[in-house]
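Scroll down for the structure; my scribbles are underneath it.
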Amino acid sequence: PSSEGLEGGWNPSVTLFREYLRIDTRHPKPDYDAAVQFLERVGTDVGLLCQKVEVCPGRVVLVLTWPGTNPRLRSILLNSHTDVVPVFEEHWTYPPFEAIKDSQGNIYARGAQDMKCVSIQYLEAVRRLKAEGKSFARTIHLSFVPDEEVGGYKGMVMFLQRPEFKALNVGFALDEGLASPSDTYSVFYGEKSPWWIKVKCVGSPGHGSRFITNTAAEKLHKVITSFLAFRESEKQRLKSNTNLTLGDVTSLNLTMLEGGVSFNVVPSEMSVGFDIRIPPTVDLKAFEEQVAAWCREAGDGVTYEFLQAGYPALGFSPMNRTPVLLHDHNEFLNEDVFLRGIDIYAHLLPALASVPPLPAEG
């Protein structure tokens, strides 16, 4: 087939999409350098500010920024990942990194749905809005992260802990969704919120031979008892109701304990860490109040902090009339569906970036 396929003529957005698909970013050895260079080139061409954050050796998060007119407002983050999963080439009709377009306009490549399409759709929607002379109150950041397909530990997980991420001042994020075989588009919000909570208990220190009063350990014991009693009640709720699945209940695990310096010294401070996964049906504010109550009941000097609390986000990939083929053989996306996705983002981004100041923003 010719490089541009047979149908639909030549479209620069489609050409860009196919160029990106030809960069082999499959695990275990993704060519991240080529991907970042390509995206940086496109971002510069669109007129975006560019920042590269090396979160660990060989793992770069690229951030492209379109500043808003009111930088005090929280920003919109458009996130996508650059890596793709491995392929079994013998099961593919076309080579998975050549982005061949058939006579129907279907573009075959690993990453066509998950999620190189979305990266280019973000960029092309922003290009269009800038060309129309638009500007918005809120800043829009596009983040391109590595290693999502292997858990994100050397990608988004590390980026979230960096001052560069905090400086983005994110108020709302969009990330990937799934294709939809019907005419409808799917938007995902129903994932559990992961809360990592550290509870610190401060008490009276002293020598290990005496009965010290008001110790950190006694407070810690009360905290752990409250949290694990809740864990047991959720476990029983899941067990006793056959209509419930793991996704319907709050899971809670004690995953970390810290404290103590020596066998004969009563420590002045001890802490415990919990991994809690909260379903979307639970009122997060009410749950945090419950956590605060457990800490209060344990005594004075008991505080909690979030080591991870989520940012409001939706998962959305504008692909309809498309079979769900992420991680599957012969992954493809039709060029018309791809181009319609750019139109959708070009309508969606102005609405998001124009959300008026929220109460917390003054």
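Note: Cβ is positioned from N, Cα and C throughout, glycine not excepted.
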Query raised in the report: Per TrEMBL, what member of ASP45, ASP102, ASP114 joins HIS81, GLU176 in binding Zn(2+) 1 at one site?
Result: ASP114
Query raised in the report: Pick from GLU149, GLU289, GLU361: which one does TrEMBL list with ASP114, HIS327 for the same Zn(2+) 2 site?
Result: GLU149
Report task. Give the sequence-ordered list of residues that share a chain with HIS81 (Zn(2+) 1 binding site), lie 6 or more positions from it, and have CB atoms under 8 Å from its CB. Result -> MET115, PHE144, VAL145, PRO146, ASP147, GLU148, GLU149, GLY152, GLY155, MET156, GLU176
Query raised in the report: With DSSP helix as H/G/I and strand as E/B, how many residues of the domain 'Peptidase M20 dimerisation' (189-299) fall in helix, strand and coil?
Result: 42 helix, 33 strand, 36 coil
Report task. Starting from the Zn(2+) 1 site formed by HIS81, ASP114, GLU176, give every other residue of that chain whose CB sits within 8 Å of the mean position of their CB atoms, in sequence order. Result -> SER80, MET115, VAL118, GLU148, GLU149, ASP175, SER317, LEU326
Report task. Among all chains shown, work out which of the recorded positions ASP83, ASP114, GLU148, GLU149, GLU176 has the most CB atoms within 10 A of its CB. Result -> ASP114
**Report entry** CB-centroid shell, 8 A cutoff, Zn(2+) 2 site ASP114, GLU149, HIS327, site residues removed
**Finding:** VAL84, VAL85, GLY111, MET115, LEU326
